[in-house]
Amino acid sequence: MPKAPAKKAEPAPAPAPAPEPAPAPAAPAVDLSAVKVEFSADQIEDYREAFGLFDRVGDNKVAYNQIADIMRALGQNPTNKEVSKLLGNPSADDMTNKRVEFEAFLPMLQTIINSPNKAGFEDYVEGLRVFDKEGNGTVMGAELRIVLSTLGEKMTEAEIDALMAGQEDENGVVNYEAFVKHIMSV
């Protein structure tokens, strides 16, 4: 009798797909009610004046998306991520449409001023020194433009042009210590 062909073994069933990883939790919002505002009356008046310059509606409030600009106008340099965290990680729509009054702005400003993560002159110079191939205190302007447009908080071409205006010599080279002094004074 001819042998019946051996039955092929069924392939093992595919394993169940791994569960989707949980999305990373958004950075928790800062409890601004716990922030002690430590500004002098003169400072508060200066801050109120700067805040008022950004009030385009006349209701003594500014849009969420103006908070970082006001802080920068007051000499601080918060990242967009830091400001977003202060605002409770709002949506893009909220950034445009929600508004903040001056009294709510003060604890935000105090938080940024008290932040231990501030980079100083030497930190920025050290970061740019990596691109100083000659060891002579300069970097190529074109390379600096690429860095500004691709790393960290990416800048637009218009922002880079404004920042770099007058910084490159006739050979397209930038003295990075002078550049850092320039950007820290803007």
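Each residue's number is its place along the chain shown, starting with 1.
The backbone N, Cα and C atoms fix where each Cβ goes, glycine too.
Which of 1-26, 105-130, 157-182 counts as region 'Disordered' depends on Swiss-Prot, and there it is 1-26. Looking at the domain 'EF-hand 1' (42-77) alone, the prediction's average pLDDT is 93. In the domain 'EF-hand 2' (119-154), helix, strand and coil residues by DSSP number 19 helix, 3 strand, 14 coil.
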